[in-house]
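First comes the structure, then the notes that go with it.
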Amino acid sequence: MIKIAPSILSADFSNLGSQVAAVEAGGAEYLHIDVMDGHFVPNITIGPLVVASLRPRSQMVFDTHLMIEEPDRYIPDFIKAGSDLVTVHQEACTHLHRTVSLIREKGAKAGVALNPATPWQSLEYVLPMVDLVLVMSVNPGFGGQKFISAVLPKITELARYRQENGLSYEIQVDGGVNGQTIAQVVQAGADVLVAGAAVFGVPDPQAEVALLRAAAY
Ligand code: DX5
Ligand code: ZN
């Protein structure tokens with residue numbers, strides 16, 4: 001069973017509450033919250049305040065993707081605001097083991113993201129303590145970019161490594177996932193599919209969640 005994680009990056013922020021309610025009614029399991037700092041990526045988005053104001057209005061897993069430098073400084077604030085899962089970038093963490101430990105100590109699930117150019121093998125020593133690996137299929141920073149199919153083998157290798165080592169991390173894919181690309185991503189071994197423009201760029205985001213799930217198989 002795959003999970004769908006609509007990314008609010010492409011939502012209408014003047015109607016954020018109702019947009020979130022729509023994808024929840026459509027059956028989305030995770031709400032993907034893209035946090036950008038203008039340093040790690042060339043764009044600025046939202047902070048813990050938005051997570052806190054959405055929290056009482058949704059039962060979905062709040063999946064917080066931190067595209068920020070020095071994530072340790074903000075992890076406790078996001079967890080306090082209601083993030084269930086916090087994902088940091090391997091490329092932004094000098095002491096990744098410490099950062100993953102901090103997320104878990106504060107009571108959230110821990111994810112690690114990999115940019116398209118970063119090999120999955122860089123995570124080998126932390127994979128036993130990680131709840132999710134996020135494979136970026138675009139260079140992070142913006143919604144609506146084109147899917148980079150060169151990352152497909154990375155997904156398959158992470159699934160194989162998980163199987164061979166009896167591990168249980170989820171494999172999430174983020175960037176350019178839509179009705180045309182989702183089947184190959186699921187075929188490669190992904191469990192959690194992020195979709196921003198595909199879900200919120202259409203008139204009926206609620207219906208789109210189910211359409212995307214149907215296109216996955
Ligand atoms: C990219 C973000 C993604 C993005 C996905 O930097 O991490 O979550 O919103 O958007 P789409 O699905 O439009 O590529
Ligand atoms: Zn994201």
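Here the Cβ of each residue, glycine as well, is placed from N, Cα and C on the backbone.
Since this is a predicted model, take the numbers as computed values, not measurements.
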Can you pick which of Asp174, Asp191, Asp204 TrEMBL lists for the same divalent metal cation site as His32, Asp34, His65?
Asp174
For the binding-site residues listed here (Gly141, Gly176), tell me which residue's CB has the most neighbouring CB atoms inside 10 Å.
Gly176
Which recorded positions, if any, among Asp34, Gly141, Gly143, Gly176 have a Cβ under 6 Å from ligand 2, given in order along the chain?
Asp34
Local backbone state of His32 (divalent metal cation binding site), from DSSP in three classes:
strand
Check Asp174 (active site, proton donor) against DSSP and tell me helix, strand or coil, would you?
strand
At the level of the C-alpha atoms, what whole-angstrom distance separates Asp34 (active site, proton acceptor) and Ser7 (substrate binding site)?
7
